[in-house]
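Asks: I'd like to ask you about the structure that follows.
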Amino acid sequence: MSVNLNNNKNNKNKVAIGFISGSLASICATTVTNPIELVKTRLQLQGELQLSQRIYNGVWDAFKQIYKTEGIRGLQSGLIPAYFSQATMQGIRLGSFDLISNALGAKPNQDYFFLKNLLAGATAGAIGAAAGSPFDLVKVRMQAANMYKNDPQFVGYSSSFAAFKQIIQKEGFKGLTRGMLTSAQRTAVGSAIQLSTYGSCKNLVLNFVDDGIYAYIISSMVAGFIVTFGMNPFDVARTRLYFQGKGNSHGEIYKGLMDCVYKTVKKEGFGAVYKGFWAHYLRLGPHTILTLVFWEQFKKLFSGEL
């Protein structure tokens with residue numbers, strides 16, 4: 001009986017450590033990568049269905065223009081909701097991954113280890129993304145605001161709290177769930193690729209490199225590169241679904257993920273679903289590395305291993 005109680009206590013501690021470590025790791029990473037996230041958001045929205053003009057000629061041009069006209073503060077637009085989004089999503093995603101993986105019986109060098117990690121990553125990612133989606137919606141709208149400041153029908157927000165308040169007033173609570181399913185699908189795909197690739201790559205790397213920061217970085221670089229290609233079409237659709245609504249002159253133009261992808265490809269060509277790809281990679285690569293490295297270190301810290 002006492003053994004079972006101790007096991008339950010240890011499992012609860014592992015979940016708590018995983019959640020707290022994931023949240024703190026994502027906040028640290030977000031502070032560094034938010035400017036490139038803002039650039040990615042604007043690149044994905046410009047030229048939308050040929051209804052808006054093209055402002056930026058790539059990642060570097062966007063970064064320079066935003067810094068020149070809006071300064072450092074402009075590059076960190078949406079940072080507060082980004083913190084809440086990442087802490088919620090990554091805390092749940094990283095905190096529950098080991099729990100789900102263990103429940104599925106995923107163990108290195110055993111049958112179906114990769115597939116079980118894939119399922120665990122997708123499930124953990126979808127749950128985390130759905131929980132953090134309202135914060136992501138507010139973040140996207142705040143990051144895009146200065147692109148549409150001359151649009152008389154666009155409603156800007158003075159703060160994250162004001163954004164939530166205005167969205168609820170104009171669109172109802174349902175407005176905060178806009179794009180939630182697409183966000184869950186996007187992150188399920190990304191998490192499945194990232195976490196399963198990271199785990200498998202880490203096990204391979206450990207055959208040649210001692211367990212430590214270099215092993216984490218190499219594993220994270222591989223996971224970050226692969227996940228960008230798989231996620232970008234979902235990411236473009238999610239950004240556009242978040243931004244549409246009663247707060248801009250375009251109004252309701254998409255019914256969901258597939259409708260958004262179809263209309264985007266039809267009006268802008270197939271390459272449009274890869275808008276912001278390099279910004280996405282430049283953000284996701286370092287963000288993946290920083291998040292997973294911080295995650296490993298925080299887990300060791302809270303477990304008393306450091």
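Using N, Cα and C of the backbone, Cβ positions are placed for all residues, glycine too.
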Asks: Identify whether K202 and E305 belong to the same side of the membrane as annotated by Swiss-Prot.
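Replies: Going by Swiss-Prot, K202 and E305 are on the same face of the membrane.
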Asks: According to Swiss-Prot, which stretch among 175-195, 238-258 corresponds to the feature transmembrane segment?
Replies: 175-195
Asks: Could you tell me which of the ranges 44-63, 84-103 is annotated in Swiss-Prot as transmembrane segment?
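Replies: Range annotated as transmembrane segment by Swiss-Prot: 84-103.
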Asks: How about the transmembrane segment (175-195) and the transmembrane segment (84-103): do they have 3 or more C-beta pairs under 8 A, pairs 6 or more apart in sequence?
Replies: yes
